[in-house]
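Asks: Quick one: structure below, then a few questions.
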Amino acid sequence: MRIRYLGFFALLFFSSMKLSTQELSTKNPCCAGFVGSVDGCRDVDECAENNGGCGAVCNNTAGGYFCSCQEGYELRNRTHCRDTDECYYDNGNCNQKCNNSMGTYNCYCDHGYQLINETYCDDVNECLDGNGGCGHYCNNVPGTYSCTCINGYSLQNETACIDINECDLRNGGCEEMCFNTPGSFYCACHQGFKLTDKRLCLDINECDHMNGGCNHHCNNTIGGHKCECFHGYSLQNRTQCIDNNECAEMNGGCEHMCHNIPGSYNCKCNQGYRLIDNIYCRDINECTEVHDCGGGCRNTVGGYVCTCQQGFQLMNWTHCEDINECRCNNGGCPFPYRCVNKPGHHYCDCPFGFGVRGNMCHLLIPQKQLNFTLPNNPKVLPRMKPQLHTTTVIPPKKSIRSEAGWS
């Protein structure tokens, strides 16, 4: 919209001013600005000659004339037109900037504003058009706008949002591992550690939970744990404790028998032997210790044999019983002598009906009462010299084993 200013006071002045002709004679009956004619007084058109001397527009009036200017100009010295500086008066009604030009003017706005109704500058909301080209947030402010990024991103080239690799700066504050993610990051710990305060790593005591999976003993270490087995066991698959069969290698060092038990082993000896130093086996001399022989005892390797004195025989492998030699062939005594058995021996004595007198056997009863007959019916017989008749007993082939009966 263009506003034209006229020289108001000049217009009033010239519209009322009449240019008189000095040469009019007193004989002219017409007023100034008029000339006489056959029809009476006629208005003089002053503008017809040299545009009335006006620099722009000449306006004829009854009895006079006045100069005026085109829109955008103002009258100076009654006839000359000069450009009106509309911006001089109230900034041309522009609320920001006013630009004057010959015969006119225009309002214009600062960057970031747009002209409304030719005079008013209103803020342009750049964020409405493609988010202002911003990668994340567009923030409109009067006359301009700015781009901002969400946390974890940095602004580049005023519009683009580039992820910040927080791990590049002091490892993101992480004690161990730092992992960058779009717009953020996170800390992590190596195996055997747990994250505290989102940055620090604390050792996990794996033994607190189900003994760390260990069969026997769990030993916590920095960043891990170790399973250990009791003596006599070996670790398998890191957690399982398997009994060692010590007997499988060199018989466990045992001289005789090796008996494996969970976590250990025992050495044992064959019957008739005693364990020495938990490894070695020494023959037991049962004859010097407790035995059940009724007579003599003879130690053997790993056992013993019961023996009897001459004239005795072994019964039930342990008991010695007297041998009655007289039962067999009268003990070797010639007829008619009697065999007399004694514990462990026997001897030949005078026949029945005879008595001992010195070295002779004398008949004590009538011969007819004898239960035997002798040639010539002697009344005296020589007494046989007493002899010790014994029987040697051969020990049995079997022997008694200590602590286990017969073997």
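Just so it is clear, glycine is given a Cβ too, placed from its N, Cα and C backbone atoms.
Keep in mind that TrEMBL annotations are predicted by a computer and have not been checked by a curator.
Below are the features I grabbed from TrEMBL:
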| type | residues | note |
| --- | --- | --- |
| SIGNAL | 1-21 | signal peptide |
| DOMAIN | 43-82 | domain 'EGF-like' |
| DOMAIN | 283-321 | domain 'EGF-like' |
| DISULFID | CYS287-CYS297 | disulfide bond |
Asks: How do the residues of the domain 'EGF-like' (43-82) split into helix, strand and coil according to DSSP?
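Replies: Result for the domain 'EGF-like' (43-82), in helix, strand, coil order: 7 helix, 18 strand, 15 coil.
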Asks: To what whole number does the mean pLDDT across the domain 'EGF-like' (43-82) round?
Replies: 90
Asks: Excluding near sequence neighbours, so keeping only residues 6 or more apart in the same chain, what lies with its CB under 8 A of CYS297 (disulfide bond)?
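Replies: Same-chain residues close to CYS297 (disulfide bond) (Cβ under 8 Å, separated by 6 or more) are GLU286, CYS287, HIS291, TYR304, VAL305, CYS306, THR307.
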Asks: For the domain 'EGF-like' (283-321), DSSP counts of helix, strand and coil?
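Replies: Breakdown, helix to coil: 3 helix, 18 strand, 18 coil.
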